[in-house]
């Protein structure tokens, strides 16, 4: 049983690393276009908080036999920090303020949890407190792509829900769920069981809408910072006028 526990821990580290690295394609696109387009920054901020709290929970003085939890989540925290900073740089002004506010909230919550667990709690009390905090924010992390799933359903297009991100949410959630069951650790098993289910839903949506271009208008930033419409055509686009101009009552 201990061997299986270790094996799934190693597999969980591998799948989690791919999960953390899978948005690299998305951020390459963001840097190239100098725009975050319709991508949401919320999942990356919430993943950062989850990594920080989970890495803390896995430390030997908080919970035993969970060092594999700390190693991968410490790595993930560094990677997600880079993503969040890139998103803040290229996001529109309103979105930039929102993500920066969430980033500040993440650092505040982690600092509070770390200080309270270090100086006010000991033994099982420390493990319970840190485990509950990690579990709550792990579930929030896994639930954060719900807004993107709603956009996929509304637009009938999976363009803004990257396939590899959805795939590794499923693989990572499944492996850590089994790891938690084998180690009889509810603080690992419960949130990752939720992640396994949500990852399954994302994959189903992706395969339903992957070949669709979208049937509704979606505002997408253009290169000069203005917004253009993709999807449906505007009424005057199909009309021909002798002088090549759009009548005054049809101009937008």
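The backbone N, Cα and C atoms fix where each Cβ goes, glycine too.
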Per TrEMBL record, range annotated transmembrane segment [choices 132-153, 220-241]: 132-153
Listed stretch, out of 71-92, 99-120, 132-153, 160-182, 188-209, that has the most CB pairs under 8 angstroms to the transmembrane segment (6-27): 160-182
Stretch in 39-59, 71-92, 132-153, 160-182, 188-209 most in contact with the transmembrane segment (99-120), if contact is a CB pair under 8 A: 39-59
Other parts of the chain folded back onto the transmembrane segment (160-182), taken as Cβ under 8 Å at six or more residues beyond its ends: 1, 4-5, 8-9, 11-12, 15-16, 18-19, 22-23, 25-26, 37-40, 68, 142, 145, 148-149, 151-152, 188-190, 192-200, 202-203, 205-206, 210
Winner by Cβ pairs under 8 Å against the transmembrane segment (71-92), considering only 39-59, 132-153, 188-209: 39-59
